[in-house]
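Novice: I'd like to ask you about the structure that follows.
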Amino acid sequence: MNITEILNQAEKPVLLQFFAEWCGPCKMLTRIIDESVEEVTQHVELKRIDVDQEPALSAQFQIRAVPTMVLVNKAGEVLWKHTGIMEIRDLITQISK
Amino acid sequence: MVSRREFIQKSTLASSTILVANSLESFVVIDSVDEDELFDVIIIGGSYAGLSAALTLGRSMCKVLILDSNEPCNRMTPHSHNFLTQDGVAPGQISAKAKEQVLKYETVLYYSTQVEKVDKTANQTFLVHSVEQKKYKAKFVLFATGLKDMLLPIKGYADCWGKSVIHCTYCHGYEQINRTTAILANGDLAFHLLMLASPLTTKLSILTNGQANFTLEQQNIINRKGIKIIETPITELKHKQGQVSEVVFRDNSNLQVEVIYSRPAVIQKSNIPSQLGCELTEQGLLKVDNQQESTIPRVYACGDMTSFRSVATAIATGSAAGRAINAQLCQLDFKS
């Protein structure tokens, strides 16, 4: 998987959610997002990326910790990056700017 | 030198930009370390043995860095067996849960990387180099790098490995009860596997893949039990997604089978312990004492690379190594 492919398939900005299977906080964040997934996907396309399966993509976005979310626009520019869990309201505020 | 407590405060400070009150619970660092940081222990290999040691060490507030290349030897196996409380669970699920539990401890860091070499420095510490040219320092090194199976160069063998070509009756034999079974081995090993498989099935044959090499006594017992020995070299294992159905021989004859026991030779997955001067046993395992310390002081080893291959043994030896290293660390700290 590479970022060009992801962006080509997307019609909106893409929220890359980097996670690891073994990471407790990642599961918590996934739960938080899943509870409001419809609202999230109104603004962005959500793409979940397992750092253990996708080392190249993780390196490209300099992922040093998980969970990390990266918001990328159609042109491939990084609009926002956040490491750690966050409240859904704050996330929606960020991605709807 | 930074004490263990100062280290924790430092790590907390470094991540205090995070919103949640207990920042260490809100994310897991996967790759960033201050090159000057001196770890108590660097664990090379983060599968069951390494994680088990990290659990023991983390619970004693030791500063631990786990460096893992994420290639456990049982990754081809759909289910892990013979480990109490996790019988039948997928290996990946066990290790994901293990990592989750171990990385809760704030002094344990885990990076996904491969180690290139380990140097002993003059001041009694070790310098661990990753393939990305990063360097990590530690007082102790614990190897949990496992073994590598030298899979036989037979067509289809690698595809069936861990699924229907299996190395151990204890770990996977029960699931194969009463199936048409072949022992792909010769001599003492074949006889040993035959003995272990005989309570599980009566439909047994031995494939020596070349001239048979049994003692007269072994030969007599095999004959008496009516077990066929096939010496013709094997050209292919026919299979469907790793489930073997037929062995094809060089003379184009074939044999229907459902399961094959085969124990290919193993070698140490990492040659770094040998480069450091650690001795091996005659069986190619790393030589350790009853505290899991290798023949080089402050270099420890645990798991498959030192002992009988099983998840339970890996966890036991990892725990023992963690205990022994912590005891040494406490002695050093307490007396200084």
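Placement of Cβ uses the backbone N, Cα and C atoms for every residue, glycine included.
Straight out of TrEMBL:
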DISULFID  A:Cys23-A:Cys26  disulfide bond
DOMAIN    A:1-97  domain 'Thioredoxin'
Novice: Please count the residues of the domain 'Thioredoxin' (A:1-97) that DSSP assigns to helix (H, G, I), strand (E, B) and coil.
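Specialist: Secondary-structure breakdown of the domain 'Thioredoxin' (A:1-97): 40 helix, 25 strand, 32 coil.
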Novice: Just to confirm: which same-chain residues, 6+ apart in sequence, have a Cβ under 8 Å from the Cβ of A:Cys23 (disulfide bond)?
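Specialist: Those within reach of A:Cys23 (disulfide bond), by Cβ under 8 Å and sequence separation of 6 or more, are A:Val66, A:Pro67.
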Novice: Report, as a single number, how many Cβ atoms besides its own are within 10 Å of the Cβ of A:Cys26 (disulfide bond).
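Specialist: Counting Cβ neighbours of A:Cys26 (disulfide bond) within 10 Å gives 24.
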